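Read through the structure below, which is laid out as structure tokens, and then see the notes.
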Amino acid sequence: MAEPPGCCRPCATCLLCLYSCQWITAKEKRRGLRTTKCDCSWFLFLFCVFVFTLVWLYFAIIILNDFHNFNEFIFKQRKVWLDWSLVLLIATAVLITYLSMLLVLALCLQLCGQPLKLHWLHKSLLMLTALVVAAAFTGLGIKWAEEWRSARISLQATGPFLHIGIVGGMTLLAWPLASFVYRTRNTGLKVFLLLVYCVVMIMLYLVPLGITSPCIMEENQLPPKPALVGHRGAPMLAPENTLMSLHKAVDCDVQVFETDVMVSADGVPFLMHDEELTRTTNVQAVFPERAALNSTTFNWTELQQLDAGSWFLERRPFPTVQSLSADDRYQATKQRIPSLKQVLEAAKQSSISIMFDLRPENHSDYQSFVNATLEVILQSGIPLQQVLWLPDGFREQVKQQAPGVQQVYGRKRLQNEKEPLLHVNLPYQDMTSEEIRQYRQDNVSVNLYVVNQPWLFSVLWCSGVSSVTTNACQVLKEMKRPIWLLPRSTYLMIWIVVDCTSFLAILWAFLLLK
């Protein structure tokens, strides 16, 4: 088998060893090894699995915005806390690295004129990788379907740059493709590969016609920066739903403290998100036989015996916990479950608004929960416009007893709305950029949750959202403008330059290798 100039025999032999797990013997050199149709099929399968896994890596990065919810879900099921995002990213990185190595080896072998004899071990691992990634996508679709909508939103932030990257990658493929076309004697295969490649490239060149992003706009059209709503305070800097978390949120210039309220067995409203106390307190140590009971079965005296801060240092729900100062760590260990009265007093002093859900909604004594909560609000002396009421249950009663409280709705507007909505609070996946703009024009305040990643905050900022609920107030606070903002004329110029450069590079590859 003739070797092309510039490809030394030791290098070619080493490449074939890594890809095929065999050395080239003298007998094999005389006989000549050829790439069969089966070998080409395995290379195509390798390329498809690589692209499939690359798409999964993109999804893995996107869902990091919501991964804390997944960690909480696993804890409720298994009572074991682990940051599963690290496991996901490490496993995906290992798969991508392995597939990239195989792909580079195959392309190098093709350029060196060597056969693509993939070893059976690599074939087995390829099939296993394809099954694992397919199972990951299936699980995502079944248990976390809203993340498909998150991925669609992410394309508004990454679409222009993904286009440039994909065009660049496909342009680089012109070299091994040209090498293969000039070497093979199968005319039908040549025509097929060239036709497929040309169709794909033409589609990629025209993709920007379908790319839309709210951040493609002039600088003077950019809406004001969305206000920040602290999700349970500042949970990356302090134990969630504690007074420390509220004070950290105030330091982050958060305008609203979002929390969850429950009512104790003796009628005291207090802050707690989970129905059980196991995740955010040491209830298993203090009341081991009652740890699995609902939070509302404990009286206020019992709740005050629980440590609501040490878990934050032990489990480290966010990577930011490692960078806390010694004073913050000490303060965290001193946190107790706060009552709504204590929180309202702190909010009044800090001039921060408070927005809350009242849980659990399906409780038989829910009306008494509403009454107890309203009583504390009215007695606290806090200006009622600082209170944002989320619960739907007994809303009309709340309007009558506390007419100054701002009503926030967890739904979109209806066609025949009797009373106009002034505030809506929705998951960020539930509203399109067009709907956000329309609500803004109609003077309806839109708050979307939970927004932690700068790319997502940038898209919603460009769309004109009023505020976002976030765990990462310390990150979003520092953003002075969206991550990127391009005038349409500039984006058009980038699109034309990229496509023209790619076309010329492909022509050069085919002419040079000929």
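Each residue, glycine too, has its Cβ placed from N, Cα and C.
Features reported for this protein in TrEMBL:
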TRANSMEM  40-64  transmembrane segment
TRANSMEM  84-112  transmembrane segment
TRANSMEM  124-142  transmembrane segment
TRANSMEM  162-182  transmembrane segment
TRANSMEM  191-211  transmembrane segment
DOMAIN    226-480  domain 'GP-PDE'
TRANSMEM  491-513  transmembrane segment
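By the Cβ criterion (distance under 8 Å, sequence gap of 6 or more), the transmembrane segment (84-112) is counted as touching the transmembrane segment (162-182), at least 3 such pairs being found. At the 8 Å Cβ cutoff, the transmembrane segment (491-513) and the transmembrane segment (40-64) share fewer than 3 close pairs (sequence separation 6 or more) and do not count as touching. Panel annotation: around the transmembrane segment (124-142), residues 42, 45-46, 49, 52-53, 56, 59, 63, 95, 98-99, 102, 148 of the same chain, lying at least six beyond its termini, place a Cβ under 8 Å from a Cβ of the stretch.
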